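As structure tokens, the structure follows; a few thoughts come after it.
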Amino acid sequence: ALFQHGNVMVLALYVTSVVVFVRRHLLPGINRKETMVAKLRKSCSCTPQKLKNFLMDFFPVLRWLPKYRCREYIWGDIMSGLVIGIILVPQAIAYSLLAGLKPIYSLYTSFFANIIYFLMGTSRHVSVGIFSLISLMVGQVVDRELLLAGFDLNDDAPPASGDGSLQNDNLSNTTAFNLTIVSGCFVSMYLSESVLDGFATGASLTILTAQVKYLIGIKIPRSQGHGMLVITWINIFRNISQANLCDVITSAICIVVLVTAKEIGDRYKHKLKFPLPTELVVIVVATLVSHYGKLNEVYASSVSGAIPTGFIPPKVPEFNLMLRVALDALPLAIVSFVFTVSLSEMFAKKYAYTIRANQEMFAVGFCNIIPSFFHSFATSAALAKTLVKTSTGCQTQISGVISAMVVLLVLLFLAPLFYSLQKCVLACIIIVSLRGALRKFRDVPARYYVNKVDTLVWVVTMSASALVSTEIGLLVGIVFSMLCIIVRTQRPRTALLGQIQDTSFYEDDLEYENLSTVPKVKIFRFEAPLYYANRNYFLKSLYRLTNLDPNLEAARRKKYEKKEKRHLKKGNHKTANGLGIGETTLQLVPKQIDFQALVVDCSSISFLDTTGVNTLKEILKDYKNLNISVLLACCNPSVIDSLKRGGYFGKDFGCMQEMLFYSIHNAVLFAKDQKLPADFQDKHGKVRPPPSL
């Protein structure tokens with residue numbers, strides 16, 4: 001039709017519009033679709049280089065092992081590996097008391113954890129394996145499942161015959177192993193230092209309480225459920241008359257020796273090339289004395305019993321039991337991951353290298369998942385062993401392999417030699433290892449001086465972990481810490497600022513002396529994000545500090561205007577106050593309005609939600625009705641973006657330069673340069689103070 005009419009111009013315009021439409025709307029969509037498909041195809045493709053990078057990222061050992069400096073690193077790794085292996089053996093046997101399992105399973109845990117972390121970990125120094133806190137949490141779940149199954153929780157109860165004993169042992173093992181694989185599959189979360197310290201201290205009190213019965217050799221069942229610490233101490237005092245004198249004497253001697261050796265080691269650690277293997281010496285000597293003195297037969301002292309050698313065939317965890325312990329696995333996974341990552345970051349910073357937190361999560365997870373098939377229980381990095389590891393010259397995780405070989409030697413050949421080892425000796429080793437956590441009570445005054453809220457979080461978490469249960473204590477600590485953060489953002493510090501004389505800086509006039517007030521300008525600081533939860537507090541603080549509520553003042557003005565109109569309708573040329581009509585305007589300015597500009601210091605406002613933006617728009621409108629300018633200073637890009645999207649500056653952002661400033665001083669200078677409102681001027685244009693009503 002266009003050709004028939006010969007309208008070449010219309011045809012050209014039509015073709016041009018079609019081309020533009022295709023280029024703007026159709027081609028970009030096609031291009032975007034092709035780009036997405038190409039990216040998806042590229043990401044899903046498997047090339048030799050991608051496979052190599054994946055394997056090297058998933059197994060970091062493939063990156064650093066080929067670069068291993070043998071002459072420089074080997075002796076330090078061998079020395080630290082041997083020392084940690086020597087420490088691991090007695091601790092593994094001791095911590096089996098906490099987990100409620102046979103000592104052989106603690107040795108399995110130590111062996112597999114060191115090997116797996118060697119392959120997958122990114123930290124060069126942390127020591128991963130058995131950890132007292134994790135062992136206690138595993139033991140509590142094991143006790144609960146045994147109690148539900150009808151087994152006796154008394155460690156010294158006569159063993160059941162035949163199938164009963166086997167079922168008890170199998171249920172304990174199965175519970176621990178299923179708990180381990182589930183905890184390895186959970187994704188962890190961030191915990192504050194106060195929560196972690198309080199949790200560790202409260203759990204240490206629980207561990208200490210659980211070992212007292214072994215120290216004095218009394219026969220009471222392991223308490224289960226909430227209030228375990230209180231119930232255990234009640235049972236201890238009720239049965240104190242049954243204390244075994246042989247265990248009491250042995251415990252006293254072991255604690256004195258261990259504490260003395262630890263204190264000497266701490267005092268002269270800069271002179272010692274490696275720490276004293278006190279635990280191993282105590283265990284060897286105590287085992288020999290118990291064996292040749294026949295302490296079990298003569299004095300009825302409780303001993304470790306038979307520890308088998310070799311490895312038990314792997315076993316698939318039971319799915320039904322995994323579902324039952326899934327909730328218990330969550331705090332285990334949290335504690336295990338957070339402790340490991342925190343220690344890894346601490347030593348990486350100290351020795352100037354980097355770790356990958358995501359890979360650490362995989363490493364800790366597989367340290368729990370894979371060993372669970374081989375009768376191991378949950379693991380984590382431990383601070384004490386890591387400190388020993390670094391102090392003895394550790395350079396890489398080769399030392400972990402050396403430690404695993406020491407444990408393997410015990411597993412294959414030396415385990416039966418610990419048959420006569422008294423349980424009270426193992427309890428002494430556990431209690432002495434808690435010194436660091438229990439010493440945190442001495443840090444409470446200093447902690448309180450630094451931060452009162454963090455101290456309160458520590459006290460609440462510690463008390464809940466000790467008096468209720470470790471899992472509940474961790475939950476209480478997390479919730480209470482979050483509540484403290486919410487409260488602190490709901491009721492933050494607010495202040496009016498004054499100028500430091502002869503400078504461009506402004507500070508809180510209640511905190512500092514000799515600050516100059518800025519004439520006709522109020523500077524308000526709000527030290528928190530502005531969002532729905534603290535909106536009312538923001539407004540109340542602003543109105544209180546500036547001594548002006550614009551809503552009340554607007555209502556007062558309307559009331560006065562109505563009153564004046566009534567007088568005028570009656571034919572009075574005088575107002576209610578006896579003034580002329582021309583002077584009425586002066587009465588509309590109350591005495592408390594002594595400023596013409598409000599500067600809001602937004603330097604501490606990290607973000608705004610919709611309510612926050614609307615609040616700022618509200619005060620902008622309310623103060624504008626009173627001829628008071630509202631200026632924002634020191635806004636970060638996120639806040640500016642929220643204000644733009646919320647329409648604070650209008651549709652075209654034309655007034656933005658007169659409403660937003662990069663510093664308080666610039667805003668103050670702008671406010672001073674502004675022409676004062678008519679309410680502050682006389683008929684000659686000179687500024688005068690506002691009259692009173």
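Backbone N, Cα and C atoms are what each Cβ position is placed from, and that goes for glycine too.
Where the annotation comes from TrEMBL, it is an automatic prediction and has not been curated.
Here is what TrEMBL records for this protein:
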TRANSMEM  6-26  transmembrane segment
TRANSMEM  73-95  transmembrane segment
TRANSMEM  115-138  transmembrane segment
TRANSMEM  274-293  transmembrane segment
TRANSMEM  321-341  transmembrane segment
TRANSMEM  362-384  transmembrane segment
TRANSMEM  396-414  transmembrane segment
TRANSMEM  458-487  transmembrane segment
DOMAIN    511-671  domain 'STAS'
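Contact between the transmembrane segment (321-341) and the transmembrane segment (115-138) holds: at least three of their C-beta pairs are under 8 Å, each pair 6 or more apart in sequence. If you look at the transmembrane segment (274-293) against the transmembrane segment (458-487), you find fewer than three C-beta pairs under 8 angstroms, all six or more positions apart, and that falls short of contact. Mean pLDDT, taken over the domain 'STAS' (511-671), works out to 82 on the 0 to 100 scale.
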